[in-house]
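S.K.: Got a structure here, written out as structure tokens. Questions coming.
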Amino acid sequence: MDNQQTVSTAGSVSVPPASVEKHHKYEFFKVVQGYLDEAARVIDLPEYIKTILSQPKNEIIINFPVKMDDGSIRLFKGYRVQHNNLLGPYKGGIRYHEGVSLDDVKALAAMMTWKCALMNLPLGGGKGGVKFDPNKVSRDELQRITRRFFHALGSNIGPDTDIPAPDVGTDAKAMAWAMDTYMNTVGSLFRQSVKGVVTGKPVACGGTLGREKATGQGLVYCIQEWAEERDFQLGGATLIVQGFGNVGSFTSLILSRLGASTIAVGDHTGYLYNPEGFNPHKLQDYVKKNRSIAGYPGGKHISREEFFKIKADIFIPAALENQVGIDEAKALNVKLVAEGANGPCSPEGERILIDRGIDILPDVLANAGGVTVSYYEWVQNKRSEHWTLEEVDERLEKAMQRAYREVVEVARQKKCSMRVAAYAVALQRIAAAYGERDIFP
Ligand SMILES: NC(=O)C1=CN([C@@H]2O[C@H](COP(=O)(O)OP(=O)(O)OC[C@H]3O[C@@H](n4cnc5c(N)ncnc54)[C@H](O)[C@@H]3O)[C@@H](O)[C@H]2O)C=CC1
Ligand SMILES: O=C(O)CCC(=O)C(=O)O
């Protein structure tokens, strides 16, 4: 295969040439590093640990060719960033999106390190992505892109090395292709069945019950904790939801069972408003068939600006990073922003929300249900077990409640934001592990 790989391993092996990435307008990795700095100050993190965590361990960039339906060969750029594996194998999703860049993937990989540590999972942080628009390729092309990418990743991933999962633009089907590719290449060398090389697989090929809805389910458990603390009734509450893919649609659906209604939704094609509330089942089915909310009957078309001004109780950002900047934060007319997406609020946006008294459930806590159930899937694969949905949900509920309460307690003690507190809890766990190892004798 005609693949080019650039692998850098901090402190050893090869140092890659200076990044050829175009300078990204929103420097997501810098933003995440800013939160790391803040949390490090709050807990007095030893400087050497901050130094180690300030860059990922490995940044893998792969240019790989794929045959398209018209017979042409197109070159794709894929990334896998392995941020830290102190607590366990690298873990994190694979994103297919036209905007994917090394900077984004680095930021998202670092966030996986904090998320797994916060949830007390024996996993580290990683993230991957391929830069293309999955809505503009056929199903067959999507399969060939996935198989070529995972073939090229080769033994850089593995059930005890680095375990990918779905993220924006990927789903259970993509994970089935990924697992099959791995099993027929690297896996076959060891003659081993290695289902645990990816999570978020279809249940029929080793996935767990409850993973598809897990991020939305975890977000709802978190929102329920917030509601209980505030004596806020979710029955009758109103939501606005940006992004109606996996996370947005399941959050809307699960909250509807608690009596909350989604009155506005938006995605990459536009925004819709329905003061009577959308039917989340019907809308989810429509999006599964049509790949977007475009053309869905029963809602009034509104602009993005109008969407952010709608009066509601809760805003669920479930699309991409940097969606709530200064203007959106000034416009939002809600009590709570529950971050389903990773990095939806810019630091400036967050500051304005806090000043306006709007609560924020930060991403590394709020959307950690996905990776937590991915961990359950990995454990089931290792033990050759099948857990019931009730067992998965019960464990997830307890895990989210524990993490929520821990973060609230640190935020109270240290008088810091929930986000900084979430980072602080994660960093304390990482610092304890580094401390015990005496890595610089
Ligand atoms: N899938 C998972 O288990 C987890 C996902 N997340 C995060 O949640 C967010 C959403 O992920 P998924 O639901 O998995 O992806 P998805 O691909 O299923 O859905 C993404 C949604 O965002 C919308 N979108 C894309 N660009 C947009 C734009 N410019 N403006 C408005 N909407 C736009 C899409 O139309 C789609 O509705 C991402 O930030 C992801 O990293 C976080 C934890 C786990
Ligand atoms: O389930 C996983 O391993 C990854 C989830 C993920 O990518 C995320 O939490 O952002």
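Every residue, even glycine, has its Cβ placed from backbone N, Cα and C.
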S.K.: Looking at the substrate binding annotation from TrEMBL, with K91, S374 already listed, which candidate in K77, K106, K115, K382 is the matching residue?
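M.R.: My reading of TrEMBL gives K115 as the candidate in that site.
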S.K.: Using a Cβ-Cβ cut-off under 8 angstroms and a sequence gap of six or more, which residues of the chain neighbour T215 (NAD(+) binding site)?
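M.R.: In sequence order, N246, V247, F250, T251, G340, N367, G369, G370 meet the Cβ cut-off.
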S.K.: Which whole-number value in Å describes the distance between the Cα atoms of D167 (site 'Important for catalysis') and K115 (substrate binding site)?
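M.R.: Each residue's Cα considered, D167 (site 'Important for catalysis') and K115 (substrate binding site) end up 15 Å apart.
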S.K.: Over the residue list K91, K115, S374, recorded for substrate, what is the maximum interresidue Cα distance in Å?
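M.R.: Overall maximum Cα spacing for these binding residues reaches 13 Å.
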S.K.: Could you check which of the binding-site residues K115, T215, N246 have their CB within less than 6 A of ligand 1?
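M.R.: T215, N246, by Cβ distance under 6 Å.
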